[in-house]
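In what follows, a structure is listed as structure tokens, so that the remarks can point back to it.
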Amino acid sequence: MQLNLWLLLLLLLSCNGTTYDDSGIFIHYTTKPLSKQAGVILLGTAGYIPPMATEHMDTLCDIQEDKVIHPFAYRTHTHSLGRMVSGYRIRKDESGADQWTLLGKRDPLTPQMFYPVESRDPIRKNDRLAARCTMESNRTRITRIGATNEDEMCNFYLMYYVENGDPLQMKYCFSNGPPLFRWSNSETELNHIPDYDSSHL
């Protein structure tokens, strides 16, 4: 105890009784408009996971705004049943075949932060965004979408920027999820669905 007091006294004497505080933050700003603005779009689902089953929770949306967005990061989120979350940009080629470009896929139980996208190719009007969460349940009950760890969530966040314009007005893209909505439903008009790749690392 005496040694600690002696060290504290030496420290105070060496500082001449002056305390220096260098904590805080610095804010830099400009009144000049910037050429890039960032945005985030969230793809998610409703639905439920049957007991003792592997379930795919799919979502799909069309980009209808006449803007070009440049993806640069993604984040995945589920609760404890999630095994894989993947996100894609879909664009039809001249023959009508869907070209699925991977934006990112990840085990959602690894650290949930934003990671660089797999492809930074621009996303344009009439492109589609799709996400899938692969869930594995060993529960003997149905698991529904909800806020607690007893429930589940299926989320894929995509960060992007736009050049000399505003971000998308669309901030969310949600589907009804299983059993009502799947990529394979006829109304989606999807083809070349990457069932295996979208569900495995």
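Glycine is no exception: its Cβ is also placed from the backbone N, Cα and C atoms.
Source: prediction; values computed, not measured.
Checking the candidates CYS61, CYS133 against TrEMBL, the cysteine paired with CYS173 through a disulfide bond is CYS61. Candidates considered were CYS15, CYS154; TrEMBL assigns the disulfide partner of CYS133 as CYS154. A 10 Å radius around the C-alpha of HIS79 (Cu(2+) binding site) takes in these disulfide-bonded residues out of CYS61, CYS133, CYS154, CYS173, in sequence order: CYS154. Cβ neighbour count for HIS77 (Cu(2+) binding site) (all protein chains, 10 Å cutoff from its Cβ): 16. CYS173 (disulfide bond) sits 12 Å from CYS154 (disulfide bond), taking the CA atoms of both as reference points. For the recorded positions given as CYS133, MET153, CYS173, the lowest number of other CB atoms within 10 Å of the residue's CB is seen at MET153.
The most densely surrounded of the recorded positions CYS61, HIS79, CYS154, judged by C-beta neighbours within 10 angstroms, is CYS154.
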